[in-house]
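**Q** Following this message is one structure expressed as structure tokens.
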Ligand code: MRU
């Protein structure tokens, strides 16, 4: 079996084709790195399924896909009465909000579309005009994320020395965003600056976003990537190979506690034990200031089959009990800095979070 050409130009993970009657095109990330396959999402059910099954995944990408999902979802009511169009809009928003619970970017994007709908309605706009405004907003969220990722990369690269060894967990790359990533944006920027970084990639059990996606993306850009099993991180740190850890986040509370892919908390504890700075790279849209601490972050529980039959092969006895939380929360005190498009929050305190996020 061959892998999708890692040297090919970075493909757009999310694309919207056409006008308000158009459709969303996503890379099916569950097929990478073996096949580069696109899915056409011509109805909201296909968008919901793509988010739920991680065909599109990563906090910013989920938000962008959901925004376009609303545009696609209201198409069925575009010629209905204003009341029916509005009812359909809210139905679609609620439906998409039920796809995955942890990444706040999903709810952030849906809230932005709700704000647009309310403003357009208050201005007496027609269904067609409201629909067009929703598409404009979805496109804005998408395009803005490209700039946000580049700014994160620039701020983060200032923290990284030439020839640094960097460990990352899960995939916070171009596939997880509009196109450049958050944690990986830092690495891409370092590479562009000529810093000869070495990246160690946790494979990220159970769904292997590290080995399937991050290793693929790094290789695509010619960055030295070394794949390790999650359980090898401590040894690699002890051997002195790591000078910084950088991961993404799905939701960050007001005190800086950060939810990310299951296993991130363990990596942060290991980094602390080895005196290695642990950084989160995330856009402002990933902060949830309504939650004072990470205790309030909803953690998605996923199907046991992802552990017992990972990648289609049975690796556990029939009917074994399974606990499969998809995320964990790293306490702020373990985080040396949060790299945002507005700069680096460090030290990570509620005051500094409030200043950067609100400022
Ligand atoms: O379950 P996933 O693959 O959606 O989890 C993704 C992560 O945990 C990412 O690190 C996070 O969303 C940041 S993506 C820029």
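Positions of Cβ are set from backbone N, Cα and C atoms, glycine also.
Found this in TrEMBL, in case it helps:
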{"type": "ACT_SITE", "residues": "250", "note": "active site, proton donor"}
{"type": "BINDING", "residues": "57, 58, 59, 100, 209, 260, 261", "note": "substrate binding site"}
{"type": "SITE", "residues": "170", "note": "site 'Transition state stabilizer'"}
**Q** So around the substrate site, 57, 58, 59, 100, 209, 260, 261 aside, which residues have their CB within 8 A of the centroid of those CB atoms?
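**A** After dropping the recorded site residues, what remains is 54, 62, 103, 170, 171, 172, 176, 248, 250, 326, 327.
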**Q** Can you tell me how far the Cα of residue 260 (substrate binding site) sits from the Cα of residue 170 (site 'Transition state stabilizer'), in Å?
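**A** Between the alpha carbons of residue 260 (substrate binding site) and residue 170 (site 'Transition state stabilizer') there are 9 Å.
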**Q** Residue 250 (active site, proton donor) to residue 209 (substrate binding site): how many Å between their Cα atoms?
**A** 14
**Q** C-alpha of residue 57 (substrate binding site) to C-alpha of residue 170 (site 'Transition state stabilizer'): distance in Å?
**A** 11
**Q** Quick one: of the binding-site residues 58, 100, 261, flag those whose CB is under 6 Å from ligand 1, and say none if nothing qualifies.
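**A** The ones that qualify, in sequence order, are 58, 261.
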**Q** What span in Å does the substrate site cover, taken as the longest CA to CA distance among 57, 58, 59, 100, 209, 260, 261?
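**A** The two farthest binding residues have Cα atoms 17 Å apart.
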**Q** Counting only residues 6+ apart in the same chain, whose Cβ is under 8 Å from the Cβ of residue 59 (substrate binding site)?
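**A** Expected: 103, 104, 105, 106, 176, 248, 249, 250, 251, 282, 286.
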**Q** 10 Å Cβ neighbour count around residue 100 (substrate binding site)?
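**A** Neighbour count, Cβ to Cβ under the 10 Å cut-off: 23.
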**Q** For residue 170 (site 'Transition state stabilizer'), which of the listed binding-site residues (58, 100, 209, 261) have their CA atom within 10 A of its CA?
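**A** Neighbours among binding-site residues, in sequence order: 58, 209, 261.
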**Q** Restricting to the chain of residue 261 (substrate binding site) and a gap of 6 or more, list residues whose Cβ falls under 8 Å of its Cβ, or answer none.
**A** 169, 170, 204, 209, 247, 248, 250, 326, 327, 328
**Q** Write out the long-range same-chain contacts of residue 58 (substrate binding site), meaning residues 6 or more apart in sequence whose Cβ is under 8 Å from its Cβ.
**A** 103, 171, 172, 173, 175, 176, 177, 248
